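In TrEMBL this protein carries:
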- 1-307: domain 'Ammonium transporter AmtB-like' (DOMAIN)
- 28-47: transmembrane segment (TRANSMEM)
- 59-77: transmembrane segment (TRANSMEM)
- 98-115: transmembrane segment (TRANSMEM)
- 127-151: transmembrane segment (TRANSMEM)
- 181-203: transmembrane segment (TRANSMEM)
- 224-243: transmembrane segment (TRANSMEM)
- 268-293: transmembrane segment (TRANSMEM)
């Protein structure tokens, strides 16, 4: 239960990244309460009822949290906020890079063991940790290759490295305990690192201008799109789930296939069908939550029109 709660908390944090700076603390608290309920429902449907294998939570955490937050952001669309938020980012200087460096270190240390808590025992847990690290390495290398091509800066910023790291985590989630092999994990991480940065450069502007979705922290390119690609990768690898390739581990990773209740094709179809189910629940839940947060009672006063940190928090450095 505690592990599931931690995963659910991660989904809420991902959704918060899509609406950060556009909601007040009361709205954020209500968003968390509503999303926890829907996230738990989605996890129960996928893992318990459908029997989906998603140990690293590509779908139930990354994909669900990203598109839930994006739908909330779409309902709460506020065009007058963009110019103000761009000015605030320019005034932050190198503070963002410092926080990103600390966050990246923590991700490399803790996330592989965090995602492997739900995997099977024996050697499968080692597979999950190793595959996650391979994907992290490849996605980070991808940003160093592509960043000088897309941007004028010769070296990538720490924020971009952290984004690539998160994308590598999301894409390997479902497949981390499957027969992905180290080479496959490297390829998957490298490709998703490229796709994530291309999404920031080309897709994010279109997401804003055409769909009116304000993605503050770029959760679509960091979690949403890599999560979808991770679900597709897990579906393809499910087709390799045979007794010859998995051995005794087949009963641990795909128990219904090992018992003969399902065929490999049926399990792969279930893995694939979990993607539209997650997207449907995230989209409907996000729209409903956004409509609730948009009610007049929860809106800020005119004096707090822009959701700046200084409106709600005051940190006195002299007392730290």
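Residue numbering: from 1, along the chain as shown.
In case you wondered, yes, glycine gets a Cβ from its N, Cα and C as well.
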*At an 8 Å Cβ cut-off, counting only pairs 6 or more apart in sequence, do the transmembrane segment (224-243) and the transmembrane segment (98-115) clear the bar of 3 or more pairs?*
no
*asked:* For the transmembrane segment (59-77), give me same-chain residues lying six or more residues beyond its boundaries with a C-beta closer than 8 angstroms to one of its C-beta atoms, as numbers and ranges.
replied: 7-8, 10-19, 22-23, 31, 35, 38-39, 42-43, 46-47, 52, 169-170, 173-174, 211-216, 219-220, 222-224, 226-228, 230-231, 274-275, 278-279, 281-283, 285-287, 289-291, 293-294
_Can you work out which residues elsewhere in the same chain, 6+ from the ends of the transmembrane segment (181-203), have a Cβ less than 8 Å from its Cβ atoms?_
130-132, 134-143, 145-147, 150-151, 160, 163-164, 167-168, 170-172, 175, 218, 220-222, 225-226, 229-230, 233
